[in-house]
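**Q** Sharing a structure below in structure tokens format, with a few things to ask.
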Amino acid sequence: MRYQALKKKTFLAAATFTGIAVLFPVLCMAASENDVQTYTDTDFAMDTVVSETLYTTGDDINSKLTAVLTDVETNLLSWTNEKSQIYKVNADSGKDTEISDELSGYLKRLLKIAEDSDGAFDPTIGKLIRLWDIGGKNQKIPEEAEIKNVLKDSGYQKIFLDGNTVHMEEGCSLDLGAAGKGIGCDRILKELETKKDVTAALMNLGGSSVMTYGSKPDGSSWNVAVTDPRAENEDDYLGVVALNGTEFLSTSGDYEKYFIENGVRYHHIMDPSTGCPAESGVTGVTVVCDSGLEADALSTACFVLGVEKGTQLLKAYGADGLFVDEDHHVYLTEGMKERFSLLADSYSVEDIAE
Ligand code: ADP
Ligand code: MG
């Protein structure tokens, strides 16, 4: 009974009571203590809309936080900006490239997730992503031969990391798009930890990566709305996930970037083993854990792996997850059962097969 959909009216009444930060940031202001001010802002960075809520006894630093994200994109992760380290690694494929400690640390963790997911998450499929260009100006269904051709140049085994030296086989191309927003959240956390004035914060990057920091003035959980992958209206939510203290949430879905041709949905999450959009039966996956990079990369990996294999991967990382499938079933890992409240009547919660 617990997971029967809450009626929207009931939910909204509860939201007013508990203060749902992501949905209704304004409500939280009333709960602030006298000396803690609440500042909200909406900005654009990392190719997405960034919504920020800051609780602080000091100045409004929301624009500084946006600048941190822009810095991550420009100097570290962009594959189009010549200034970025990833751009240089790609341009130097076949040769050694020196990278920063920071990027080397991220790559090490991402390559581990690639290995642990059996390549379902693979940061070396840059050429494949650009061939399909889903959501871009040149999106198309490529010829089989084209797909085969670019797959020859991908595979996480083609990249070697030795301290700050990275070597990638010639022709291979990195794309960290599946973990970029999560990495951005991790950097924001580092920044916030140096600001003693900030008591709590909420960062929402395009709805697909969310970070909560500290505790709200009234001590209640942060409640993050999860999109219904097949919603007809933007504010039709699947449900709400509760985050406590500093946590990270990421969602991967086939509704973010896609086109439909002859009744087939071609979306932006690729199965590196086929070179085509993943067909694991799931329409969306949400992951919660204590790191932005892991939440983001794992949500992409789990989308490709599907419910059962995805659940095993999440267990290995101590992460909580929810999977939604084509038949409007929702699957929750044990930890997610404590966090999730279903809101959409057309969905039901099912057990994950062991
Ligand atoms: P979003 O960026 O919409 O929040 P994801 O975090 O799932 O969603 O990342 C999707 C992006 O990751 C794609 O646009 C593409 O750049 C890249 N990508 C797609 N499939 C994979 C994959 N199997 N492994 C690694 N990166 C991928
Ligand atoms: Mg991701």
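Every residue gets a Cβ built from N, Cα and C, even glycine.
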**Q** Name the residue, out of Ala114, Ala120, Ala145, Ala178, that TrEMBL lists for the same Mg(2+) site as Asp296, Thr300, please.
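**A** Record check against TrEMBL: Mg(2+) site with Asp296, Thr300, extra candidate from Ala114, Ala120, Ala145, Ala178 is Ala178.
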**Q** Under 8 Å between C-beta atoms and at least six apart in sequence, can you list the same-chain neighbours of Asp296 (Mg(2+) binding site), or say none if there are none?
**A** Ala178, Ala179, Gly180, Lys181, Gly182, Ile183, Cys185, Ser209, Phe248, Ser250, Val287
**Q** Under 8 Å between C-beta atoms and at least six apart in sequence, can you list the same-chain neighbours of Thr300 (Mg(2+) binding site), or say none if there are none?
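**A** Result: Phe121, Ala178, Ala179, Ser252, Ile269.
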**Q** So, three-state DSSP: helix, strand or coil for Ala178 (Mg(2+) binding site)?
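**A** For Ala178 (Mg(2+) binding site) - judged by DSSP and reduced to three states - the answer is coil.
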